[in-house]
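Under the heading active site, proton acceptor, TrEMBL lists 68. TrEMBL lists 11, 69, 151 with the feature site 'Important for substrate specificity'.
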């Protein structure tokens, strides 16, 4: 069975490789525009539209996997930082408090489509301005929802999590496994 990952995210690619899956990468051209306040509906909508975009491109019988991750706190959706100031403000906002990480997953195969999501609570340590500036200088915050990578230096700031670690990285593999099984597909 042909599998397509509708993402160029190095973290998602690595996670699927770690599952020993053979797959192609076909990034979606869907333009994310944050216009919903409900984080669950937002990530599910983005994941669906990414999968649909790729399905229309490849036009074959591939299993398509798409995902979208955001950080959410106090009614605010935090996507990827646009610059150093944006990254600083995001990290300052997350400092010393709990936030949520949501990932929407969409799997399409033939006429089947299942959309689901995962949520993880992340508790950040109190961060000084100096720590935040140091972290930004590593360039790690860029290209990451909420301006941090839990699997990298950003993990130094995480006191604890409640939920799926892989969700925070960008692809809750257990949830993906459940979705694929619900479709009646046996990949493992």
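Just so it is clear, glycine is given a Cβ too, placed from its N, Cα and C backbone atoms.
When Cβ atoms from all protein chains are considered, those within 10 Å of residue 11 (site 'Important for substrate specificity') total 19, not counting its own. For the recorded sites listed here (69, 151), the lowest count of other CB atoms within 10 A around the CB belongs to 151. Residue 151 (site 'Important for substrate specificity') has 11 as its nearest neighbour among the recorded positions 11, 68, 69, going by CA to CA distance. The residue listed as 'active site, proton acceptor' falls within a strand when secondary structure is assigned with DSSP. Every protein chain considered, the tally of other Cβ atoms within 10 Å of the Cβ of the residue listed as 'active site, proton acceptor' stands at 29. Annotated pair residue 69 (site 'Important for substrate specificity') and residue 11 (site 'Important for substrate specificity'), C-alpha to C-alpha distance, rounded: 12 Å.
Distance noted between the C-alpha atoms of residue 11 (site 'Important for substrate specificity') and the residue listed as 'active site, proton acceptor' is 12 Å. In the three-state DSSP scheme, residue 151 (site 'Important for substrate specificity') is classed as coil. According to its DSSP assignment, residue 11 (site 'Important for substrate specificity') is helical.
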